[in-house]
Amino acid sequence: MFRLFSHLWSVLALFIALASFNKVEAKKHNDTSITLGWIMDHMGSSTNYPSYKFRHTVKDDITKEYDLEQIQMIIRHGTRYPVSGDVEAIHDSIAKLKESKAHLPWLKAVHDYNMYYEGLLNSRGQMEHYLMGQRLAIRYPEFIKNLTYEGIISPQFTAYSSWSTRTSQSGHSFCMGAFKGQGHLGSDHAMGVPLLSYQENNDTLIAFHKACPKWKKYGKSITKEKTEFVHDKYLKPIASRLSGNLGLNISTDDVENFYSACQAEVSLYQKANTFCQLLTKQDVLNLEYIEDLKHYYKYSYGIPELNEDMACDLGKDLIENMNNTIDVKLNLKFGHTETLLPFRTLLGLYNDTLSSSSTESEIEHRSFKLSKFGFYANNLMFQVLKHKSTKEKFVRVMENEEVILFPGCKQKVCPIDQFYAYMKPRISCDFTKNCSL
């Protein structure tokens, strides 16, 4: 009798546990409320750089077995204020929402976005680069020290930015961190290093989209045509629901503006309780995908005839520098999404197929997700290594400060000839020819 009772009690306990688990799981998937922690992972290209992952940076063990001969980095600018068009959209959105029948007390808590600061890095964006520079010096202290002499930077160091203020701010912040303590200026022993900027519309290495007539003529129009389907499939249902909730005529443009404002509030001020409140989790996932899709066409694999070779000169410059490790030790380039996405396309990274016919499963499991790799300050690092014993040369690639297995390579520390063999057909391109009308 006791055994029977014990058995029944065990079965009952199991049913209770399963019911509780299912209830928790159901709540997890059906909960539409947005938290800051959740939404910070779904901000697309406006996601902050994940500096928190590198709090315990130490010296890189690779230098025990290899001599570090060269580092090249291509880095997007850090977290910034919205550009002028987005500032106007935020102001217009606030004005429209003030006419709503709904009670929206959070409108008073929205930051006052001043056009005067449009496009500039905020303190977080500067810190993203400053800390990244510091981590470079922590990982490779001898390499950094050997680039200086009596408070002077070596000519083996070069740093470039595009025409934009935010990229030059990023470059200066990075170098302040990397060379902290190496100079003779002030109590921090800072040092001044040269940062050169390319002229707008005459730059084939960083902001090359502005120097490409074919892209300037067709890039936006083709992207608009290819992504037109998202209005009916994703944006109109959101606009319809918000129109009913707010008692306003909400357009699909308004919906995208609300998401853009939500991105700004989260990335700049870590506030998910203003514009983000208008959206459900599924709304955010759909809007995140729409942004990915537009970038996929505008700057990447979606328009291969435009984008696959747009970073042609940057790829050639990478290889030319690798062939000259005597004169080029540390080469830095500070650019934009428009730099990193076409460059990743040239390299064959995140080569997804996205279109109007993509299934929900394909969308959910896509690798081309900006929130995961295309955030503020995202970067690619190329290291040339020489084995201490054999003197053979290798290339190691790091993306966002983590070592990756580069396409065409069989191991993460890739023989340089193997790396060159993969890159050779990719740089047999002509930027001028590709971009001519």
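From the backbone N, Cα and C atoms, a Cβ is placed for every residue, glycine too.
These figures come from a predicted structure and were not determined experimentally.
Noted in TrEMBL for the protein shown:
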- 1-26: signal peptide (SIGNAL)
- CYS212-CYS435: disulfide bond (DISULFID)
- CYS262-CYS276: disulfide bond (DISULFID)
- CYS409-CYS414: disulfide bond (DISULFID)
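This view paints the features noted in TrEMBL onto the structure.
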| residue | record | Cβ within 10 Å |
| --- | --- | --- |
| CYS212 | disulfide bond | 25 |
| CYS262 | disulfide bond | 26 |
| CYS276 | disulfide bond | 24 |
| CYS409 | disulfide bond | 19 |
| CYS414 | disulfide bond | 20 |
| CYS435 | disulfide bond | 21 |
Rounded Cα-Cα span from CYS409 (disulfide bond) to CYS435 (disulfide bond), Å: 30
Rounded inter-Cα distance in Å - CYS409 (disulfide bond), CYS276 (disulfide bond): 42
Rounded to the nearest Å - Cα separation of CYS276 (disulfide bond) and CYS414 (disulfide bond): 44
Between CYS212 (disulfide bond) and CYS414 (disulfide bond), the C-alpha gap once rounded to whole angstrom: 33
Secondary structure of CYS435 (disulfide bond) (DSSP, helix/strand/coil): helix
